[in-house]
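Annotation source Swiss-Prot lists domain 'L27' at 4-64. For T115, the entry in Swiss-Prot reads phosphothreonine, with the evidence type similarity to another entry. The feature phosphoserine is assigned by Swiss-Prot to S122, S158, S232, S568, S573, S575, S579, S598, S619, S710 (among others). As annotated by Swiss-Prot, region 'Interaction with SH3 domains' applies to 162-212. For Y399, the entry in Swiss-Prot reads phosphotyrosine. Taken from Swiss-Prot, the feature domain 'PDZ 3' covers 474-555.
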Amino acid sequence: MPVRKQDTQRALHLLEEYRSKLSQTEDRQLRSSIERVINIFQSNLFQALIDIQEFYEVTLLDNPKCIDRSKQSEPIQPVNTWEISSLPSTTVTSETLPSSLSPSVEKYRYQDEDTPPQEHISPQITNEVIGPELVHVSEKNLSEIENVHGFVSHSHISPIKPTEAVPPSSPTVPVIPVLPVPAENTVILPTIPQANPPPVLVNTDSLETSTYVNGTDADYEYEEITLERGNSGLGFSIAGGTDNPHIGDDSSIFITKIIAGGAAAQDGRLRVNDCILRVNEVDVRDVTHSKAVEALKEAGSIVRLYVKRRKPVSEKIMEIKLIKGPKGLGFSIAGGVGNQHIPGDNSIYVTKIIEGGAAHKDGKLQIGDKLLAVNSVCLEEVTHEEAVTALKNTSDFVYLKVAKPTSMYMNDGYAPPDITNSSSQPVDNHVSPSSYLGHTPASPARYSPVSKAMLGDDEITREPRKVVLHRGSTGLGFNIVGGEDGEGIFISFILAGGPADLSGELRKGDRIISVNSVDLRTASHEQAAAALKNAGQAVTIVAQYRPEEYSRFEAKIHDLREQMMNSSISSGSGSLRTSQKRSLYVRALFDYDKTKDSGLPSQGLNFKFGDILHVINASDDEWWQARQVTPDGESDEVGVIPSKRRVEKKERARLKTVKFNSKTRGDKGQSFNDKRKKNLFSRKFPFYKNKDQSEQETSDADQHITSNASDSESSYRGQEEYVLSYEPVNQQEVNYTRPVIILGPMKDRINDDLISEFPDKFGSCVPHTTRPKRDYEVDGRDYHFVTSREQMEKDIQEHKFIEAGQYNNHLYGTSVQSVREVAEKGKHCILDVSGNAIKRLQIAQLYPISIFIKPKSMENIMEMNKRLTEEQARKTFERAMKLEQEFTEHFTAIVQGDTLEDIYNQVKQIIEEQSGPYIWVPAKEKL
């Protein structure tokens, strides 16, 4: 049945009549659905498609109306002629019209047949004035347009190029020829004169590509997210912009980190890799990074984000039965814990199907498939070695559980595999010699959306190739080795998420031939590093994949490292690149897990906050060799740890972020660390802390909120953040019992329990006061009563007190001498003081055992103290976090536990281990 515009209008009229009758509450959902359908009927795009359909059926398919080809060049009659110059026009971007025609995009509707459309503007996308449209439609024969919905779902609307529009001076347009349509670049389709709609320019020969990498609008979903700015800002980090694209040449603004506990995390809708289109009314497409940051900073307390994200790729789980042949299972794998094939994904992936093997003959397993299990052995969250072992230890009949991507699209970042033989280690028990079989194209049925980064070794050309990288805030995102005796410079590590990783063009084992035309074939390591460092923002690298050379080089380096370690243990000498070594003892000020450090050059060494490490070789800028020092002596195990420089560099990169909080009050030029020093050293009377000063200190943490971020992100911190790494220490013998300072939630109960359980080991000191003695009090037992206020103030100025305060116009304080008296009696003096007292005791040569109780969460605090309300627990948790931030380097140890008993037992153990007589104290030397 032919489509008529009158039929569309009648359907619209009937829908509107039916909608008006839906007045009951229970009809609300149905009414909303009908309104969406009405909006589609009234949209300008829908009207244009009806015009095309009607013209196609009424004019082109009607033989009497066919026009003689010989008259194609003649002007048509006025009824089919438009004056192009008089037509207003606008562009419709691909972002404004996703294929779903959802209400989140702009709606264009006619008020009646003869008037231009009115503006119906959604703030999500654009503020352009809407008029008659000039739109591109992707290449499609008109004969394929058999229904409107099918046409819409296969069309891509994109901005029209000015050079492709018909010049305004053209008085007429050529006649439309009879089907099939010749290959003219642009044709203009008139409609019947009764409707008189605006013209639609249909480009049948070209398609404007999307401004976004890897995918068209059909691959994305859109969402509006409203966030309320909290004390820590919006709680996410961004990267990208026209001046520093985050992924390839895509200038979009991407979400790179969601901060735990922040506004975005609490809302739960925003995701990493979401692309921000608008912030409130500000369009942040195709803007610089700083413009996007400014838009977020100036957005106010309620922030509306309009984002788009790639639709998730669904997976189909299936079981495949393979029968081993002479070539084994006949496929290769990559991935696993500690050896991720795709950044952020520990899964095991199929990277190669070997021709003639069991998998190839079966035909079901494809490159890009994810292996979930082999027989009854789970392959999720396992190492690469464990997966290989599981596959090799199978019988002749093997059952594979695999996850197959079911997405139908293939985009720029994906490619169908070429079936070639494997030069990498296949997963089978019979590895045949590698031989080149040529590039045999796979059948379409075997195409799968597998990333180019997932292809095997022999898909990588062995010829020199040119790669262009754009430097991120922390560099190019790869490590190099080599440069000795002209052996070449090789890439040894690709940083996940860095520029090199995101480009997908470099890999471990590449030899760097040149950097920005600087020949590095015979360069030393230092020369190569300098060339890369000074290469500027855009770096052109010529690289050649040489895995065999790199493997030989890596084996040699490993042998040298082993020799270095052995000689270091036996004689204390020997180094890879330096003959002189530094040896020192340090206290770790952070936890280190070697399994999470992918850049380790050799066997790593785990440690926790407060551990003492004997660094036996600190000659290298990036890595040190060390042994752990225990109460029983030094461990025999020698391992590699990150150097102070490396720790601080990585932590500063992690802390780089955009602060989306509002403008700070006062002292904007003064860093948090400056204030810490001022609070710690500059106050002559620390007890004189008025209300304003206290409020200012409380707000400091709020004004310097940071969040985790990735490489290519900006920092709006005023000054460089102080990073804790290692503290140099010396061993010292003490002839006193060390004081004990416990900080954090539940400290009072821990203190009381220690004195109650071990009254012979723990005690408290007698404080000083200028308050008059009461009748029942004894001087020296209850207080040391000071008759002269001036004298006590003088003693405070001379640092004879570790802490003092004022109450009811009387001074109270704890003197160094009072603490010393308890210590010399062989008891641990339990001190209820602030973190500032730790440093003052150290200056007085009374090194305390300072233990911080770090709560795991608000709920953890409420579980241990059930009398607290949620608000009290929240404030306690915040105070603890601020305490940790301010005094971490002065803590002897940090403890955490689920119960009070657990924490108490840890505290007792730490005090026992740290009691002496040999203790580690801060050294004066600098690292």
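Cβ coordinates come from backbone N, Cα and C, glycine included.
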Original post:
Of all the modified residues given, S598, S619, which has the fewest Cβ neighbours within 10 Å once its own Cβ is left out?
Top reply: S598
**OP:** Could you measure between S619 (phosphoserine) and Y399 (phosphotyrosine) for me? Cα positions, answer in whole angstrom.
**Re:** 52
**OP:** Could you list the residues of the same chain, at least six apart in sequence, whose Cβ is under 8 A from the Cβ of the residue listed as 'phosphotyrosine'?
**Re:** E319, I320, K321, L322, V374, N375
**OP:** For the region 'Interaction with SH3 domains' (162-212), provide the mean pLDDT of the predicted model.
**Re:** 38
Subject >> Structural state census, the domain 'PDZ 3' (474-555) (DSSP three-state) >> reply: 23 helix, 28 strand, 31 coil
